[in-house]
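According to TrEMBL, the protein carries these features:
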- 565-598: domain 'EGF-like' (DOMAIN)
- Cys569-Cys579: disulfide bond (DISULFID)
- Cys588-Cys597: disulfide bond (DISULFID)
- 683-716: domain 'EGF-like' (DOMAIN)
- Cys687-Cys697: disulfide bond (DISULFID)
- Cys706-Cys715: disulfide bond (DISULFID)
- 966-989: transmembrane segment (TRANSMEM)
Amino acid sequence: MSYNNKIFLQSDFSCLIGVTSLSLNGFYLSSDFITSQNLPASITSLFLYASIGPRINGPVNPLLKSLTFSPNESLSNTIYFSNLKTVVTYTQSDYTSEKLSQFKYINDISTPLKVNSWSFIPINLPSLNNINLTGITFSYLGPNFDISSFSNFSTYKGVGSIYLFDSKNVLPIIPFPPSLLQLTDNVITRISFSMKFSTPQSLLSLSNLKSLSYLNIPNGGQLFQFNGEIPFDLETLPPTLISFLFSGSNLYAGLPNFKSFKNITTLTLRNNSISDQLPIWNVDSTIKTLDLSLNKLKGTLDESYCQLESLYISSNQLSGTIPTCFSCYFINLGSMLDLRIEDTISIDFTIGFDGNNFSNLNLYSDQPPCTTIVPNLRYDSTSGMTYLFGRDLGFGYDYVNSTQFIFILDVPSISYYAITSKPSIGFYIDFTFKFSSTVYRVSSNPYPPQINSISILNDLVIIDGTYFSYNTSIISIEIGGYNCEVLSSTFYQINCNLSTLSTLPPVVSGLVKVGSLTTLLPIPTLNNSVVDTNQCQSLFYCNLNGTCSNQQCICDSKHTGIDCLGRLCLKNCTVNEFCDQTVGECKCSSGWLGSTCQYADHYASSLLQIGDLISLYGWFGTIHNNITINIGSTSCINILASDKIINCTLLTKPNNGYQNVFINQNSIEWIGKNMFKYQEDIKTILCYQNCSGNGKCNTTIGSCTCNQGYSGFDCSSLADLGQGDNKEGQTSIGEIDENAVSTITNSKTSFEIMITKLVEQSINGDIIKEWDLKTNQWLAINDKNNANIFKFNQTLNETDCTIIYTIEQVNNTKEYSFAGYSYSIESGSLKMTISIENYPYSSTLNNLQIQMKSQVSLAISNNNDNDCNEKETQINSSINDNLLNYISIKKDGKQMYGRFLSLMLSDDRSTLMSTSIVSTGNESITLGLNLPYCHKCLIDPDFSVLLSSDFKSSCGNEGDGGRKSYVIPVAIVVSVFGVAMIVAVGFLIKKKKSSIEFKNRLKAINKT
């Protein structure tokens, strides 16, 4: 633009104060318009289009950070980079193709310079020493371009993107620049070269371009190949490369191995004269967009290509049928009158298959309705996602429409996902898919199939209702025991074919199964019959065993129940039987066996021995045919049996140790494992560790009388730390939390006891059923009458079995008598009782096993006074046939004792039990307390925590500070056949947040 032949100066625009960007189109400007400094300081961007006059003969105005220079005149000029060093973004182009500029760029920068992007139309490739560029573009290269300047690629380490365009095809064919491929330690992420290259002598390596993300060679020329293959070594593709475009060559060797493009998501190989057949697509490939247009591909298109997000194969020689995953979304181009943006995408999608010999593609006619879309829904509770999955579901979020959620593409054509809440039962979503008016209703938490009506037309069965599926592969129909072949299905209707319908009775039992959900109902078989299932639908048409009247079933003479499902027994059941209406047969009641349930399912819960006289207590019934009693291998004779007691006399003395008891009557054998031990074997009761040399053993009761200063079951613990060098004592603090976990802490050592499992076992020790007694499932029960008792309750799922765990604080030493054995529990102990009621045994030969876990930990502490006591864990045990068995676990001068009495109360009677070691480890021991079958069982192990005799109450300054915490597991497994267990633990108690301290078993001296 000119005004009265006026040439504009920068000062002519000085009034534009506050303006940040100035764009001038067609102005005559002064030669120094770019370099002078008379523009307002606010202008930082200058755009000169079709300008005449300005030159860059000096430094650009330093206020200008962005400069676009597009002259409308042919210029020949040398531009020095020092004149552009303040410009962050620089673009130089020709306004018209008739007036071309000849700019030569010279790098005279001597110190590092960082700019954004420069775009030139140069006659040379300038050096970029000392320059860091995000991107540089060379376009419209002219015939005078200096090819030798390509060697300057060796200076392009700091360039992020390089674009080179021979738009007019005037450059000679040259080798691909080796200086670029040899460039190490570069930051190049994008390379786009539109020019022709010669054939290389070997495959070109891209290994030095370690940051390369995009490589585009859109017009490399027919010669740019190596033996008919892509001239780049595909094994050297950098792992950062995600887009690879190579076009305009002659790849006569055929398609490359797609597996070589390991991390690439977009692969374009257009117009390369590739003559080949499409292989089966590798579904594990990272490629999401594939463009093979304008080649010579032959053969057919496999369905495996449905898992690409975008596919372009136009103008090839392919034939056959396009898979429905694509054809369902083709459009009629002749109907596209008012184009929208989404229409252009669909047109591009459809045209991507044009120019082949496909039988099901006509760009200018309507496609037939798509019948192959199969949607399914699944909710994943772990991720909180609802997945839409199936067949022919489209290639992006815009293919799926739901008014409730936005679904994001997961796997093309196969699955989508949306963030949702957990669906309620019966929840469903309505979907429509691109170019289809069909509404698909799908449930992610369906009801079982809801049947409304059934129609019969010749061999065709039409089932109408809801909560079916579009996926025929998960639907099965059975009619009278025959499979009805599913032809089609929707959410509302199933069509199946059964050729044998006419051979079946008029109404037969049927089954409709969708996924894992099943509905049973009667189905008619007569031609042209229609059944309204709203009549007694909830009663399954009375299961064909009656008639429906006013929504109520009137059962026939052989059936019973509101739905006539129950079968009446054909004979009267005896007093020991009940009628099992599921099969219409008399079955034995609990506790009875035999063909007419005349024999007792006998068992013994306890045994009493007086000399050679044996008394067995339990349930034996009133019929004792051919009864025999054996204790191990010894017979018990002179048998006198009643329903609850059997008396007999030992023929000879049984073998030593525990023996099994065998009761055989009515050809039914029962075995009581380790139930008997001859009483003469118990002449003396040995003390644990022989009192460690620190006391005297009372062999009558198996208890140590410790010397002064010692305590514990084996007299190995200190009774008084207030002597000699031990001036400071240790106080044990106990805590019972709301999860029924008891914790004992003494100095830095803590013991923790909890119940973890209940296991039902067979006579051979096989696990029949296992119950995980989670700590967070205990329900605390307050005892208002006794503040020292804490109760916890837990009921096993789907049973009436209740476990009550009681912990009593023992404030004062008490004497106890258990199963005829007397003992004491001292002040500061916890008495633990476990009650198990109403456990549903699978067999009278089975027993229960309670697992108790105890673990000791060393807490982190800044107090290192106790470091000299830190020692490895020691485990000792005395498990044999004695009346008393022991274990001890010693850590850091503290010792936990376990005492196990070989007597128990079984159904309120004293009897023997046994203790065995199940397993041991470096820092753990597992014990089994084995009891006979009973309805009420009570056992009495005893646990205490004391200081050992080598404990030092003061370590001076020998410690090394706090230590990392660690856990030493000590698992105590208690086998229980019934109701209760007592555990006494010697430690002090802290109820919740309040501190209630008790004296230790031995006198504890508080730290000062």
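Glycine residues also receive a Cβ, built from the backbone N, Cα and C atoms like all the rest.
Recorded features from TrEMBL, shown on the structure.
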residue	record	contacts (Cβ under 8 Å, 6+ apart)
Cys569	disulfide bond	Cys579, Asp580, Gln581, Gly584, Glu585, Cys586
Cys588	disulfide bond	Asn576, Glu577, Gly594, Cys597
Cys687	disulfide bond	Cys697, Asn698, Thr699, Gly702, Ser703, Cys704, Phe713, Asp714
Cys715	disulfide bond	Gln689, Cys691, Ser692, Gly693, Asn694, Gly695, Cys704, Cys706, Asn707
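Summarised by DSSP class, the composition of the domain 'EGF-like' (683-716) is 6 helix, 10 strand, 18 coil. When Cβ atoms from all protein chains are considered, those within 10 Å of Cys706 (disulfide bond) total 21, not counting its own.
Residue counts for the domain 'EGF-like' (565-598) under DSSP (helix as H, G, I; strand as E, B; rest coil) come to 0 helix, 12 strand, 22 coil.
Around the Cβ of Cys597 (disulfide bond), the number of neighbouring Cβ atoms within 10 Å comes to 20. The domain 'EGF-like' (683-716) scores a mean pLDDT of 83 in the predicted structure.
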